[in-house]
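What follows is a single structure, written as structure tokens, with notes after it.
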């Protein structure tokens, strides 16, 4: 239940990083990766969909070692349990079983409940080839099925910041080399069936009576250092000062989101083995 005093949304972060990054045409930055028959490009907007036969995904043409990666997304309303609509960075094709990943994933839901936005960071399949997730889950202060909203990941050598409409919702600092992804990654988006875990830990599954499940993307933004950029290359700055860290106003907006909309934080999960997540 959203307190009425917060119904107008978060305090302004005071800085629009997305407006500093130009939009790239889908075909300039990306290509279909799988499910081509479930992917349609129309005047710069990409629609991908999942039905009983297949989902679909896309991938950036180049790998990056840092940068700002964003897209405006609009989600399917109604029954979407078991379905994941995502925008993320990964090198799992390059390093199977031992990969790095930075995720924005929308966990599908039942009509009476809001979507959950899950953010996650993996590195080196955690090093021992077990995937150690670092999930933080949020509800949103708006209905993500009604309109497009901008979702983005800023990954630089010192931190990872997740943004929703330029509001930072999570900052993951580099506390040690072992807990921070540093190898080049590609940008991906996909829609797929994750019935085994996506909705209330698998309690609700994808129901193909509701197919097709549709994800819409537009306003793609990619600005960063590719894997072969010179050492002098610098990714965009998170804050107006040009420093890597957030401004006071951005931090206030982030805390507002955490106080009102954070629904799960891996660091505060008593069921987790905390020896595996030393950064907590």
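Glycine too: its Cβ is placed from the backbone N, Cα and C atoms.
What TrEMBL says about this one:
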DOMAIN    5-217  domain 'GH16'
ACT_SITE  101  active site, nucleophile
ACT_SITE  105  active site, proton donor
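Cβ neighbour count for the residue listed as 'active site, proton donor': 20 (other Cβ atoms within 10 Å of its Cβ, all protein chains included).
Cβ neighbour count for residue 101 (active site, nucleophile) (all protein chains, 10 Å cutoff from its Cβ): 19.
Looking only at the domain 'GH16' (5-217), the predicted model's pLDDT averages out at 94.
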